[in-house]
Amino acid sequence: MSTGRPLKSVDYEVFGRVQGVCFRMYTEDEARKIGVVGWVKNTSKGTVTGQVQGPEEKVNSMKSWLSKVGSPSSRIDRTNFSNEKTISKLEYSSFNIRY
């Protein structure tokens, strides 16, 4: 994924009804469609957290999806993004669900 454009990395946490509604599976599918890498997992406090990396415009598309769309049965109350930074190379080769 060497695009010549800056690569971005951002951590996220999604709040709402996001567990037990296939949120991680849909997140993995959407990330692969958009073309970003990283990971997603459930937390013990009922949220979904993870990291996204890729070209800035693709990361922004994924941020929008994580904030507004989600899985069909989910209800997103809010999404927090943190540690957004420019990176020199991707730290992951694909997007995966972590357990």
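Residue numbers in this text run from 1 along the chain shown.
Quick reminder: no glycine exception, Cβ is built from N, Cα and C everywhere.
What Swiss-Prot records for R24, N42 is active site, and it gives sequence analysis as the kind of evidence. As annotated by Swiss-Prot, domain 'Acylphosphatase-like' applies to 9-99, with the evidence given as sequence analysis. Positions annotated as N-acetylserine by Swiss-Prot: S2. Residues or ranges marked as phosphoserine in Swiss-Prot: S93.
For the recorded positions N42, S93, the ranking by surrounding Cβ atoms (within 10 Å, all protein chains) places N42 first. If you measure from the Cα atom of N42 (active site) to that of R24 (active site), you get 8 Å.
Per-residue confidence over the domain 'Acylphosphatase-like' (9-99) averages 98 (mean pLDDT, predicted model).
Comparing S93 (phosphoserine) with R24 (active site), their Cα atoms are 18 Å apart once rounded. Proximity of R24 (active site) to non-local residues of its own chain (separation of 6 or more, Cβ distance below 8 Å) is seen for V40, K41, N42, V48, I97, given in sequence order.
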